[in-house]
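As annotated by TrEMBL, domain 'Ubiquitin-like' applies to 24-102. Residues or ranges marked as domain 'FCP1 homology' by TrEMBL: 157-318. Under the heading region 'Disordered', TrEMBL lists 341-366. Annotation comment: TrEMBL describes 350-359 as compositional bias 'Basic and acidic residues'.
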Amino acid sequence: MLATSLDSLAKNMECEEQSSISLLDIVIKWNGNDYDVKNLNTNSDVRTLKEEIFKCTGVRPERQKLINLRISGKMAPDECLLNAINIKSGTKIMMVGSKEEDIAEASVVPPKREKGRKCKSYDSEEFDEERVDKMEIHLAKVQNRVDNYEIKMLNDPRPGKKLLVLDIDYTLFDHRSAAESGIELMRPYLHDFLESAYEHYDIVIWSATDMRWIERKMAVLNVANNAAYKIMFYLDNAAMITVHTPKYGVVSVKPLGVIWGKFPENYNKHNTIMFDDIRRNFLMNPKNGLKIRPFREAHLNWEMDKELLHLSVYLYEIAKIDDFSKLNHRNWEKFIKKAQYKKEKRHKRDRTDNNEPKPPDSLPKL
């Protein structure tokens, strides 16, 4: 009788233990790919999860940084149980980390350059850009802005339009010079430029300042409520992220991925261009940025500055192109000259064709 009771009690305890255990399927996002970790026991700790991730990715547990696996606002420690984090099956976790062989390769000291010979792989701006925009820790920051930054919409996206993102200071406005009114510091042809661009582009203003200053400047320049064009929304410094590069150190940049993540059906790397007077702001999207000549000393340069006038032509010409990623915006002036040359050649050919004598409709009567 006692043995039967003990057996029954043991079975009940086993059933209770099994009912308290559930299995999780988790998706790990790393290096642009998804890795499935299946049938993970909820009573397991974070260390066990990392060991399973190691089997999938080859990244050792001590190298892994699980960005959005948090408890009490902090990254979950290895000894923390998964059921304490209240993680659900199907959760996507973004991981940052490198394989041992990748770390070894990156640690190799570059060879010394021969005197007078340039080594593009290590000295050029392009090297920094290529490294920064693919780093998982920076992509995680972009995703954080996509998830948490709130955009105050001024106007809705228009179907089929490309995207133009504009800086303010030294791009549209000389914010350092003294003047009786802000209009005196406005870049020449600003409203003509925006009206022309609006035909083919939705327009966003992104400045590395506080939102209240952006709104104030746009009001002073009569951009905010202009009848000839509309601004879709403003982005301020809170939408930016910090990155570390060998060339610049730690800097704030403007990742276009924030906009692309918010509007995936409308905008992407193929239809977006950004103007800024600081090239490093393009570090996360080097192929989408055009460095504009800074507009300074407005009173001295007002009559000479025709940057926006020429750039409006460039925007008009490239609006016909489906994929901006194939363009080199550093050569935008050459692009305009080439396009104008083709137009002049075509017009000349048309004029020649029009002046040629036409054959008679019928043979003359004898």
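Glycine is no exception: its Cβ is also placed from the backbone N, Cα and C atoms.
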Exercise for the section: May I have the DSSP-based helix, strand and coil counts for the residues of the domain 'Ubiquitin-like' (24-102)? Expected result: 22 helix, 29 strand, 28 coil
Practice task
State the mean pLDDT for the domain 'FCP1 homology' (157-318).
Solution key: 94
